[in-house]
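As given in Swiss-Prot:
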type	residues	note
ACT_SITE	Ser184	active site
ACT_SITE	His211	active site
ACT_SITE	Asp304	active site
DOMAIN	10-127	domain 'Response regulatory'
DOMAIN	173-362	domain 'CheB-type methylesterase'
MOD_RES	Asp61	4-aspartylphosphate
Amino acid sequence: MSDRVQRPIRVLVVDDSAFMRKVLTELLESDPLITVVGTARDGQDGLEKVLQLQPDVVTLDIEMPRLDGYGTLREIMARRPTPVVMVSSHTREGAEATIRALALGAVDFVAKPSGSISLNMHVARDELVAKVKAAAAATPRVRTAAVELAPVSPREKMQALAGLRRQTGFGDRLPRRLVLIGCSTGGPGALHQIIPRLPADLPAGVLVVQHMPPGFTRSLAQRLDELSAISVREARAGDPVRAGQVLVAPGGYHMLVDAEGRIALDQGPPVHGVRPAVDVTFESVLPVWKERLVGVILTGMGYDGAKGMAQLRKAGGWTIAEDASTCVVYGMPRVVVELGAAREVLPVHSIADAITRAVGEG
């Protein structure tokens, strides 16, 4: 990375719209630390230029002819793993495709403000530049195992949940144990390595705070639910926190738990520059669950969640940080480790078992 400090970040722009290629190039090159070394009109052209130009970062449109963004990403990760920032639409189809791409190994995404050809793309300039710079410093991780999992039927989930409630008598009561997972850049891929490996009868509730804008967290929750034995969905105000269920904070809202054990959503100011913020959820749940809370911090930029993890460790709770060896961006977990707030530091593929073990003790 030392040479990247001295030279601009080399970016390849892949989009089937000539207008969007021009706009993205202008926006990126408005920053002196970025240079666009090439553009491609579709996925096949993009793949050839990745191999030819060997860029530091690729921006990749989701919807393209010949070879779409997802297919192109799969080939890039197989043939020359490169940090990729997806450029997607706000449509349901665009969100679903984006989540699949993030699960496969894309570093991050930028949503087009107004459809596939966005005349106002300039409003996303700062986000685009920041995410390309972050991607240049990221480590591309080829994620395949969770993506290939067979979907789990709703009937299997209901049977497992009914069995859990018979065994524990939880019903709608507050679960004895709670797991809070926080993540940012690279988080969707990490979550696809963890959530599908949790048992349907996990004797704990699970809350997930992923830094992500509105419109995409629902697709993330739906995709995880399809692949997982445990039930997963986007949290709604008033939802009870239950054992055997994963609730994902909706983009644009802080997620809290009220005195009755129900989800409360808050659009107060961003904390650490993000909303939802992991530390806001920590402040809400730590006084209730105390040492019965399990905190997990995964890949991501910044330090959100570190304060909550330090308080949880002090309270006697179990804390897990993702190891640098599997992080896309070793930021949030690094701060947790440096604070001495992690009881375990584990590669992502070991975290589901660690969670299951932690909530099964006491």
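Glycine too: its Cβ is placed from the backbone N, Cα and C atoms.
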Key: For Ser184 (active site), the number of other Cβ atoms found within 10 Å of its own Cβ   = 26
Request  = Sort out the sequence-distant neighbours of Asp304 (active site) for me: same chain, 6+ apart, CB within less than 8 Å of its CB, listed by position.
outcome  = Gly182, Ser184, His211, Val271, His272, Val274, Ala277, Val278, Asp279, Met332
Message = As a quick check of your reading of DSSP, tell me how many residues in the domain 'Response regulatory' (10-127) are helical, how many are strand and how many are coil.
response = 54 helix, 26 strand, 38 coil
Task = Run through the Cβ atoms and count how many others sit within 10 Å of the one on the residue listed as '4-aspartylphosphate'.
result = 26
Packing count at His211 (active site) (other Cβ atoms within 10 Å of its Cβ) = 25
